[in-house]
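Just passing along the structure, written as structure tokens.
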Amino acid sequence: MNAAFQQPVTDSKTGDAPAILEMRGISQIFPGVKALDNVSIALHPGTVTALIGENGAGKSTLVKILTGIYRPNEGEILVDGQPTSFASAQAAIDAGVTAIHQETVLFDELTVAENIFLGHAPRTRLRTIDWQTMNSRSKTLLTALESNIDPTIRLKDLSIAQRHLVAIARALSIEARIVIMDEPTAALSRKEIDDLFRIVRGLKDQGKAILFISHKFDELYEIADDFVVFRDGRAVGQGRLKETPQDEIVRMMVGRDVENVFPKIDVAIGGPVLEVEKYCHRTEFRDVSLTLRRGEILGIYGLIGAGRSELAQSLFGVTKPLSGRLTLEGREISINSPHDAIKAGIVYVPEERGRHGLALPMPIYQNMTLPSLARTSRKGFLKAAEEFALARKYAERLDLRAAALSVPVGTLSGGNQQKVVIGKWLATMPKVIILDEPTKGIDIGSKAAVHGFISELAAEGLSIIMISSELPEIIGMSDRVLVMKEGLSVGLFERDQLSPEALVRAATGNA
């Protein structure tokens, strides 16, 4: 056992308070992969512990063990000093563990309140569901998050940010002592993040132990007390976060210095490839015009609700525009479905890859070749060798980390899942690729690799639209940036005009 992790640091607020939860010598082995290797950590009351690591480092596996999805091959878990077995998800909940996951696990056709209290709804004396109490408690939880979401509406009517708030409310509805937050701020605005952190501090004051997973260092340094760094399934470092420089954390994560997170390649920009004129949607955006040139990375920036993703989905044929004109390589085209877009050479990497970009139970190779079956079949019959060869080509190009291309894509880390989504669209040999939050939930080492790959694609002549909420990313990677606000395009900035202040002023209407 790594001795450094047998006595983790304690929060000054809790002094020598014993750990609520300990993991000792935990190993998790899958065919061909040791996902966790002799990991020992402890979570103390009133302390936020940041779990940091690249995708594939073992963070997701640890969370699945703590939530009863996996049972470790080696090691033990102790709650209040007593050995405990999380044989099921319910057993973990009963032990006081709850999780807010990176990808929200909610049900579109249920109401907000039903999602919040699914599995633990309040009951009447007759053991029927107490709908009035459930709706009232849901409203109280949402109000605590400073949200005015109606608990009686169906989840499908909510935005991505609102879905995350419902997921947080669901976790808070269970009286847990150990709260795991896995990328909880990924789709939240700055105000919503501030609200969440206020709640996290309240949980600390109540003596909860919080495990906080994020790739956003500014958020980690703002909210976390301690940290544990994972690399290749091992716990390689720990300490007080605010006393440890970010560069040192990064070196622990990747085993090297990451000098250039935004490796932008200077490209000779060509002529117009995609021209959008006065594109309008019934409710989400109106009169949006843009020109995307060959080899260009056109960034689109804006706050939540600006209409960026909705514009991207319309260009990909997910929704139909109310009016407007679309020209590709000088020829006017009509996009009424994703099939039309793919056929024309326009592809879209969605923000929520798990819900919209992948068939999680299917193997990696099938996910990567789904849009390209015409290339891997003859006379209506799939050629397995060609299918594998095509998948392998893009898996190698993207440095995909997986035991085999035959494993379900749902078993991969978030970063590797994103590589599968990008790879499947590159296999169609597109002219335009739209990337919606391409590094959402991706660690800093993988981020640099993805940015480098995006730059390489642009250098090869691919035209790229990149939607991002991260100012360093949008500024570091874009040749030009279109700013949207409340469905309108409110500014177009050349590369030499880009600054955080200018983009935020435009996005908030204070230009």
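Each residue, glycine too, has its Cβ placed from N, Cα and C.
In case it helps, Swiss-Prot gives these features for our protein:
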BINDING   Gly53, Glu54, Asn55, Gly56, Ala57, Gly58, Lys59, Ser60  ATP binding site
DOMAIN    21-257  domain 'ABC transporter 1'
DOMAIN    256-511  domain 'ABC transporter 2'
According to DSSP, collapsed to three classes, what secondary structure does Ser60 (ATP binding site) have?
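Where Ser60 (ATP binding site) sits, the three-state DSSP reduction gives helix.
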Give, as a single whole number between 0 and 100, the mean pLDDT over the domain 'ABC transporter 1' (21-257).
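That region's mean pLDDT is 89.
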Other Cβ atoms within 10 Å is the metric here; tell me which of the binding-site residues Gly53, Gly56, Gly58 scores highest.
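Of Gly53, Gly56, Gly58, the one with the most crowded Cβ is Gly53.
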Within 10 Å of the Cβ of Ser60 (ATP binding site), how many other Cβ atoms can you find? Include all protein chains, please.
22
If you draw a 10 Å sphere around the Cβ of Ala57 (ATP binding site), how many other Cβ atoms fall inside it, taking every protein chain shown into account?
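Looking across every protein chain shown, the total is 27.
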Please give me the CB contact count at 10 A for Glu54 (ATP binding site), counting all chains in the structure.
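Around the Cβ of Glu54 (ATP binding site), 26 other Cβ atoms lie within 10 Å.
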Please give me the CB contact count at 10 A for Lys59 (ATP binding site), counting all chains in the structure.
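Looking across every protein chain shown, the total is 25.
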